[in-house]
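Novice: Supplied in structure tokens, the structure appears directly below.
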Amino acid sequence: MQLYPLCLADFEAKGIQTNSLLKHQPEELIMKSPKRIAITGAAGQIGYALVFRIANGDLLGPDQPIILHLLDLPHASGALRGISMELEDCAFPLLDKVVISDDPHVAFRDVDIAILVGAQPRKKGMERIDLLEANASIFVEQGRALNAVANRSVKVLVVGNPANTNALIAMTAAPDLDRSCFSAMIRLDQNRAQAMLASHLDKPVDSISQLIVWGNHSPTMFADYRFALVYGHSVPFVIQNEQWNREVFIKTVAQRGTAIIEARGQSSAASAANAALDHMRDWVCGSNDRWVSMALPSDGSYDIEEGIFFGVPTICRSGSIERIRDLDINAFARERLQLAQDELRQERDAIRHLLV
Ligand SMILES: NC(=O)C1=CN([C@@H]2O[C@H](COP(=O)(O)OP(=O)(O)OC[C@H]3O[C@@H](n4cnc5c(N)ncnc54)[C@H](O)[C@@H]3O)[C@@H](O)[C@H]2O)C=CC1
Ligand SMILES: O=C([O-])CC(=O)C(=O)O
């Protein structure tokens, strides 16, 4: 992708007088060419919490122009038009253009980033796996469309539940895209775990590092602080309470989505949008050596069956994701990883007919 000159020195090297340029519109001189970002389900509650923040530069930074591609179902076309009008009325300097569509082949054309949110949310009394039947086919269609028209290095994040298995469906439907283009979201669980640990330790959230959430975005997820540090000290050593870990911490993190539905009557939206931004920002811009959990197609590490999307610890650098390997898996951790793997295999087997 061609970039416009990034600094005035580039102009001076070409013999162009920069004084006169500066007097006019210096900000135009430092603009990069726009990145195309697709958001599906943009008219829904997560979509509404996401698009304005992206247009404000919260995802790609203050010098990266953006073209937003908003996809939703035909019945939501009025709502999409309204969002597009509101985006215009925000006069975001970074927002170059908004494309709205109910056709994934239009919405995904040439996109650099795709955040797949559009899917039914669960209601009280449901588990995320209960959404599999309603939502799975969406990801066949969208995987195919990404395969046909997206940028070949597109970064895809699946948020719509059940996110891990929907990501598997989308990836399988996009055989011409590299597997490394696909991920599913477990970052909301990491953020929840980090906030809960910080509160328990009465320390700021950013004093905690190396926290992991393994497995599925479901009640089998395993929030693991065995390697976590608080201000550089070992969290398990500081807490010294394995019962709290097993009976309170892991369970509360795993049930937080349900607790929010019970309190709000609807599933989390702003915190989910925030986690999607965190996930994608780290992937694109790098995680500054911080460990971040992402659900990725398993490469067989930690003895997890290849292919299924499994939350693992990573570090992101310059647009690519490096898995953190060879961490010790003790008997309890193995039991938890096994539980998540069994559930993900079951989900995969239930939609095997869609893995085409
Ligand atoms: N992975 C995670 O951590 C989280 C995932 N979620 C999931 O995100 C999804 C969306 O949640 P909300 O925004 O709250 O739901 P919502 O019902 O408010 O919005 C969903 C939007 O998706 C649209 N949609 C449905 N099918 C579509 C399709 N085939 N193509 C394009 N758009 C489509 C709907 O018209 C609607 O506008 C749900 O599946 C929810 O369970 C929610 C929170 C966290
Ligand atoms: O619980 C839900 O259905 C929505 C979700 O995934 C979450 O908040 O973690």
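Glycine too: its Cβ is placed from the backbone N, Cα and C atoms.
Remember, it's a predicted structure, so these values are computed and weren't measured experimentally.
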Novice: Besides ARG122, ARG128, ARG192, which of ASN161, ASN164, ASN241 does TrEMBL list for that substrate site?
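Specialist: So the substrate site in TrEMBL includes ARG122, ARG128, ARG192 plus, from the candidates ASN161, ASN164, ASN241, ASN161.
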Novice: Return the residue, from the listed recorded positions ARG122, ARG128, HIS217, with the maximum count of other C-beta atoms within 10 angstroms of its C-beta.
Specialist: HIS217
Novice: Which residues of the same chain, at least 6 positions away in sequence, have a Cβ lying under 8 Å from the Cβ of GLN142 (NAD(+) binding site)?
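Specialist: Result: THR40, PRO104, PHE108, LEU116, ALA170, ALA173.
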Novice: What does DSSP call GLN45 (NAD(+) binding site) in the simple three-state scheme?
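Specialist: It is helical.
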Novice: Sort out the sequence-distant neighbours of GLY160 (NAD(+) binding site) for me: same chain, 6+ apart, CB within less than 8 Å of its CB, listed by position.
Specialist: THR40, GLY41, LEU116, VAL117, GLY118, ALA119, ASN135, ILE138, PHE139, ASN166
Novice: Roughly how many Å lie between the Cα atoms of GLY47 (NAD(+) binding site) and HIS217 (active site, proton acceptor), rounded to a whole value?
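Specialist: So the Cα of HIS217 (active site, proton acceptor) lies 19 Å away from that of GLY47 (NAD(+) binding site).
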